[in-house]
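Student: Take a look at this one; I'll ask things after.
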Amino acid sequence: MDRTINVILKPLRRFAIQKPNASLLLFAATIVAMVLANSPWADRYHQLLAFPIDLQAGQFNFFAHHGETMSMLAFVNDALMAVFFFVIGLEIKQEVLIGELSSVRKALLPIIAACGGMIVPVLFYMLVCNTPPEVNGAAIPMATDIAFALAVLGLLGKRVPLSMRIFLTALAVVDDIGGIIIIALFYSGHIAFEPLLISLIVLALLYVGGKFRVHNRLFFYIGGFIVWLLFLESGIHPTIAGVLIAFTVPARPVVKLDDFTCDMTGYLNMLDYTEVRQSRKAEVLTPTQIQVLNNIHTLADKTISPLQTIADKLHPLVNYVILPLFAFVNAGVTFGDIQPQTLVNVPLAVFVGLFVGKTLGIFSFSYLFACTPFASMPTGMSKRNLFGVSMLGGIGFTVALFIANLSFDGSTAAGADLLNQAKLGVFTGSFISGLCGYLVLKWVLPKEKVETI
């Protein structure tokens with residue numbers, strides 16, 4: 001099965017090597033969805049979203065929830081987005097173990113910044129919408145889309161200090177943790193304890209397996225799929241399963257890099273002293289050479305931790321398939337259904353939460369905390385730089401759309417209308433935040449390349 005997965009992912013990895021801009025692909029999918037939703041093909045578009053997804057073994061349908069087959073929309077949001085959150089979980093674990101969240105001193109400022117970027121947007125949203133059912137969307141402007149935010153920062157090139165990229169990345173990671181907690185606490189349904197208990201047992205087995213150096217990726221793929229199925233049946237949102245599974249994946253390789261280097265020296269010497277049979281038309285290796293090369297391949301594979309190997313394999317799938325597909329099925333705002341009087345309701349609340357709430361929350365919490373003895377401003381960052389980065393934090397998009405789908409029930413007419421309004425707020429808030437953040441940073445950053453870290 002691991003080979004099958006590699007065969008599926010190999011073309012995507014080759015595509016990713018060319019380094020196409022994943023954010024542009026995401027943006028293109030969004031535009032296509034919006035055009036289709038407001039065109040003569042709108043009915044076809046919505047029929048596609050309702051298309052049933054089946055995967056059956058005998059009488060058991062893997063993609064059924066409470067006896068109902070998943071639609072394309074549900075499959076993307078509940079199944080494929082679990083893979084996205086799995087990769088997010090791997091990145092969070094890496095940051096906690098060895099990255100910007102690995103020590104209290106390094107983590108404090110982005111944690112405080114992220115807290116401001118979650119609390120203040122919710123307050124601004126509730127200033128505009130504070131009655132049911134509109135208030136259900138209060139968590140929508142909490143999210144920061146790290147891919148889009150870093151893409152906008154990347155437009156400024158080498159003028160951006162490395163410390164600024166690190167700060168924004170760490171802030172977004174903490175933001176993701178907050179979003180995951182919110183989804184787990186407030187967007188899960190009635191909990192069925194039997195499948196939940198079984199899923200926790202499977203998670204424990206995955207964790208113990210990792211501790212006992214079971215590094216077979218198939219072990220985590222199969223175990224993870226079982227946990228996802230059980231979470232689906234338990235009533236807890238299945239994307240949470242992706243994060244929890246990620247935390248069980250080992251971050252230590254079987255072979256340390258120093259040992260790999262020593263062993264490689266011996267293997268290369270063995271190859272040097274073995275003749276190659278070759279002609280103009282062919283080159284034939286000896287059994288010894290084949291064995292040595294296979295040993296090198298195995299050794300190299302064991303020198304990369306399962307956490308990094310799995311993340312590396314799944315990143316192309318997430319960036320070039322799952323996220324564009326998510327945007328395509330969720331970004332279809334029907335403008336004709338939006339009445340002028342509703343613009344001051346959910347759309348305004350989400351817009352203000354993202355553009356004003358995120359900016360003020362991140363900037364004020366960060367700046368005030370940096371004035372205390374417990375933290376300082378990152379090297380190369382000024383107040384003006386921080387203000388520009390805070391604006392980029394208002395680019396919500398992916399996770400904001402995801403929370404919007406959880407906040408409002410699109411299967412009812414009233415819920416679909418509110419969801420449509422929320423999507424409009426996400427698009428406008430994210431776009432204005434990105435544009436203003438870019439313009440501010442373009443103005444305040446040094447004109448020459450910076451060397452600070």
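Keep in mind that glycine also has a Cβ here, set from the backbone N, Cα and C atoms.
Pulled from Swiss-Prot, these are the listed features:
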TRANSMEM  22-42  transmembrane segment
TRANSMEM  72-92  transmembrane segment
TRANSMEM  108-128  transmembrane segment
TRANSMEM  137-157  transmembrane segment
TRANSMEM  166-186  transmembrane segment
TRANSMEM  189-209  transmembrane segment
TRANSMEM  218-238  transmembrane segment
TRANSMEM  316-336  transmembrane segment
TRANSMEM  343-363  transmembrane segment
TRANSMEM  386-406  transmembrane segment
TRANSMEM  424-444  transmembrane segment
Student: Are the transmembrane segment (72-92) and the transmembrane segment (218-238) near each other by the rule of at least 3 C-beta pairs under 8 angstroms (pairs 6 or more apart)?
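Tutor: These two segments touch.
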Student: Would you say the transmembrane segment (166-186) and the transmembrane segment (108-128) are touching, if the rule is that at least three C-beta pairs must lie under 8 angstroms and be 6 or more residues apart?
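Tutor: In contact, yes.
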Student: Before we move on, state whether the transmembrane segment (137-157) and the transmembrane segment (189-209) share at least 3 Cβ pairs under 8 Å, counting only pairs 6 or more apart in sequence.
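Tutor: They are not in contact.
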Student: Same-chain Cβ contacts of the transmembrane segment (22-42) under 8 Å, 6 or more residues past its ends?
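Tutor: Contacts of the transmembrane segment (22-42) (Cβ under 8 Å, skipping residues fewer than 6 from its ends): 147-148, 151, 319-320, 323-325, 327-336, 397-398, 427.
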Student: Residues of the same chain, at least six outside the transmembrane segment (316-336), with any C-beta under 8 angstroms of its C-beta?
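Tutor: Sequence-remote neighbours of the transmembrane segment (316-336) are 9, 12-13, 15-16, 20, 22, 25-26, 28-30, 32-34, 36-38, 42, 45-46, 49, 72-73, 76-77, 80-81, 83-84, 87, 147, 398, 401-402, 405, 420, 423-424, 427.
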Student: Counting only pairs 6 or more apart in sequence, are there at least 3 Cβ pairs under 8 Å between the transmembrane segment (343-363) and the transmembrane segment (189-209)?
Tutor: no
Student: With the transmembrane segment (72-92) as the reference, which stretch in 166-186, 189-209, 386-406, 424-444 has the largest tally of C-beta pairs below 8 Å?
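Tutor: Counting Cβ pairs under 8 Å, the winner is 166-186.
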